[in-house]
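As recorded in TrEMBL, the features of this protein are as follows:
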BINDING   B:His77, B:Asp88, B:His184  Zn(2+) 1 binding site
BINDING   B:Asp88, B:Glu123, B:His379  Zn(2+) 2 binding site
Protein chains: 2
Amino acid sequence: MLKIDPDRLLDDLKRLRSFGATGPGVVRLSLSPVDMEARRWLAGRMNDAGLSASIDGVGSVFGRSRNDGPALLIGSHTDTQPTGGWLDGALGVIYGLEIARALAACDETRHFAVDVASWIDEEGTFSGFLGSRSFVGEGIDESIMSARNREGVLLGDALAQAGLANTPRVRLDKTRHKAYMEPHIEQGGRLEARGKSIGVVTTIVGIRELTLRFTGQRNHAGTTPMSIRRDAGAALVAFIARMNEAFKPLADADTVWTVGRIELDPGSFSVVPGAAEMALQFRDASAERLRAMEAALAALIRDFNAHENTTVAIRASEPPEEPVTMDAALQAHLADAAEACAPGQWERMPSGASHDAQVIAPHVPACMLFVPSIGGVSHDFIEDTADAHIVLGCEVAAHAAARILRSMRR
Amino acid sequence: MLKIDPDRLLDDLKRLRSFGATGPGVVRLSLSPVDMEARRWLAGRMNDAGLSASIDGVGSVFGRSRNDGPALLIGSHTDTQPTGGWLDGALGVIYGLEIARALAACDETRHFAVDVASWIDEEGTFSGFLGSRSFVGEGIDESIMSARNREGVLLGDALAQAGLANTPRVRLDKTRHKAYMEPHIEQGGRLEARGKSIGVVTTIVGIRELTLRFTGQRNHAGTTPMSIRRDAGAALVAFIARMNEAFKPLADADTVWTVGRIELDPGSFSVVPGAAEMALQFRDASAERLRAMEAALAALIRDFNAHENTTVAIRASEPPEEPVTMDAALQAHLADAAEACAPGQWERMPSGASHDAQVIAPHVPACMLFVPSIGGVSHDFIEDTADAHIVLGCEVAAHAAARILRSMRR
């Protein structure tokens with residue numbers, strides 16, 4: 001009988017939390033001394049579980065099953081945001097560890113191969129998704145040469161400092177790794193709002209990050225009549241209203257767009273802003289809808305520049321990220337396991353956040369499972385999930401892992 | 001025959017420009033070494049003109065006519081903004097000097113008393129309008145004890161450094177000073193747009209400076225559906241649109257309002273802003289209209305807080321400044337002189353900017369005269385006024401001064 005050990009699972013999560021614990025939260029930035037300490041502890045726990053563990057040349061912890069493949073790879077990340085929560089990626093990594101242990105303790109599954117990974121720097125302290133990108137063979141040497149953290153430390157120097165300069169990097173083995181599963185906290189309030197305990201991810205949404213810069217004429221705010229102003233800030237505010245109207249008919253219930261930053265230049269009471277800038281992000285599970293939103297924005301900008309006395313220029317702040325669909329067969333195994341462990345308590349949903357799974361999915365069939373975030377909060381010291389949800393999520397993931405591995409061996 | 005000397009006027013303006021000259025602009029911050037050097041030069045020029053000049057205990061330069069009163073006081077300021085223009089307040093001070101010289105050289109006016117002042121720190125390097133406030137007897141000891149410049153230097157220390165610690169402060173003498181005139185560049189584009197050469201100021205507008213802070217809920221911009229967001233930034237943008245609609249029917253052609261600064265917290269692509277702040281300033285010549293705008297804003301805020309899922313709080317960032325009306329009889333003298341020197345080339349207008357005249361007007365009848373600013377630009381290195389306008393403005397001011405002094409002696 002396949003059974004996870006709830007106490008062992010929670011104890012390991014709490015032990016991992018202790019590395020970088022800050023109040024209720026965790027500060028464990030990629031490759032920092034406390035992060036490396038946590039990685040060494042994790043490798044030890046993997047070895048205890050019978051895996052063959054190592055820290056690779058970029059800092060990812062990889063625990064390889066001693067069983068032959070086909071293998072299911074379970075992973076996520078144990079690095080955190082600058083003021084991070086205790087679960088975030090840590091949950092999925094410890095789930096992998098517990099599932100490897102649980103499968104090894106069950107007669108039917110003891111010969112199944114579960115490899116477990118903690119990918120380095122999902123959060124982008126130096127360069128986002130570094131571990132998973134390295135794993136799938138994306139070129140990361142450019143990042144190692146040039147990426148820096150907030151303190152200006154070069155990634156290459158941080159790796160050398162961590163003693164990893166001459167360590168080999170673990171790479172995807174397509175003859176062995178036939179599927180990838182990433183369990184994660186939801187990081188939103190949808191499951192909680194709908195009274196569900198498990199989310200089966202359909203798609204990781206695509207993202208556009210754009211900067212719009214408005215140019216007008218800086219002027220004295222007392223002596224420049226409204227009628228002759230070319231106020232870049234007022235133009236920006238008016239543009240947002242038009243953009244909202246243009247996006248609404250294109251959106252579905254899961255489409256999101258956010259103006260996260262606005263800056264007026266020079267930014268004082270007495271000066272009509274001569275320039276204004278805003279950070280615009282939008283996300284959707286449909287590549288077609290993202291393109292429709294881009295086209296609507298381009299049309300608005302053309303119209304604006306043709307008719308207003310200020311101008312607007314747009315630039316991409318990040319390369320576009322296209323939506324990534326989770327493997328249908330793996331989704332079905334997750335759904336079957338969820339229905340078996342928690343009948344009626346699960347639903348399918350997109351992931352509004354980015355995950356290592358989107359890097360890996362183009363190379364290996366991939367799936368994701370969510371557990372609820374209390375209050376929808378993440379990337380915050382108060383991020384949390386009910387113990388019962390943590391345990392249930394791991395049970396579902398373990399049974400899904402068994403189903404996936406069983407199907408591979410047929 | 002009363003005649004100013006255009007070359008002497010322009011030469012003195014250019015000589016004053018050389019103190020702190022930076023490209024076409026001037027950097028001459030209150031009480032800086034170069035500002036004190038300029039003040040000593042100015043006192044010397046006042047003495048050359050037959051005035052009895054001194055630098056007082058706060059740094060104002062005061063040139064007292066050796067003639068008995070009643071006296072007309074002509075003044076403005078010679079300190080500049082951090083990146084200032086060459087005319088700004090300097091124009092009015094050198095006008096005063098030239099007018100004192102011109103009246104002294106004319107038989108009819110040689111016994112008239114014109115006192116000339118350069119008020120310290122109009123621009124608020126330490127504490128705005130310091131010189132004029134001190135002159136009219138406002139308490140400034142608090143400012144001397146606590147006001148600091150951008151480098152953190154205490155005003156009291158800067159005065160000591162300038163050698164003024166034990167120097168008496170010049171004070172308004174109501175038995176002598178019967179009128180105040182402040183010539184100044186317009187700092188806006190109105191005269192230029194209307195093809196006029198002289199502005200006779202009716203009122204210095206009142207000002208409100210308010211900070212509005214919106215509070216919502218910070219959230220992940222990917223995982224928080226639009227329907228459940230409490231986006232403080234979106235709330236701010238929506239509020240501005242409503243505010244514009246509320247202000248428009250209250251405004252006349254000279255009413256101005258400006259959102260000069262917007263900040264979203266935390267200000268990143270991926271986070272729904274949990275808080276947002278804006279700096280709002282509005283100005284008008286009518287105290288009643290300013291109160292109507294305040295009331296409209298208060299009603300909007302009440303309505304917003306009653307119906308939205310975000311809240312807004314308002315606070316005054318500066319004490320309200322009420323409009324200050326220029327003396328009607330003095331305005332009439334300016335208008336008569338303008339019509340005599342430049343028939344049809346002048347008009348009455350409010351001052352959208354603040355001036356030392358608003359500090360002095362409650363104590364002594366006061367008036368202001370404007371000359372055009374090229375392109376409406378001021379507080380900028382490229383600030384400028386055509387030589388012909390500089391000369392014409394001084395002629396008008398000189399003839400107005402003679403009319404004012406003549407009327408006083410009747």
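Cβ coordinates are placed from backbone N, Cα and C, and glycine is handled just like the others.
Report note: the Zn(2+) 1 site is defined by B:His77, B:Asp88, B:His184, and the residues of the same chain whose CB lies within 8 Å of the CB centroid of those residues, excluding them, are B:Ser76, B:Thr78, B:Leu87, B:Gly89, B:Ala90, B:Leu91, B:Gly92, B:Val93, B:Glu122, B:Ile185, B:His355.
Those binding-site residues from the list B:His77, B:Asp88, B:Glu123, B:His184, B:His379 that have a Cβ under 8 Å from chain A Cβ atoms: B:His379.
A Cβ within 8 Å of the Cβ centre of B:Asp88, B:Glu123, B:His379, the residues given for Zn(2+) 2, is found for these other residues of the same chain: B:Thr80, B:Gln81, B:Gly84, B:Gly85, B:Gly89, B:Glu122, B:Ser378.
Counting only same-chain residues six or more apart in sequence, the Cβ atoms lying under 8 angstroms from the Cβ of B:Asp88 (Zn(2+) 1 binding site) belong to B:His77, B:Thr80, B:Gln81, B:His184, B:Ile185, B:Gln187, B:Ser378, B:His379, B:Glu383. Neighbour count (other Cβ atoms within 10 Å of the Cβ, all protein chains): 28 for B:His184 (Zn(2+) 1 binding site). For the binding-site residues B:His77, B:His379, counting C-beta atoms within 10 A of each C-beta gives the highest total at B:His77.
Around the Cβ of B:Glu123 (Zn(2+) 2 binding site), the number of neighbouring Cβ atoms within 10 Å comes to 21.
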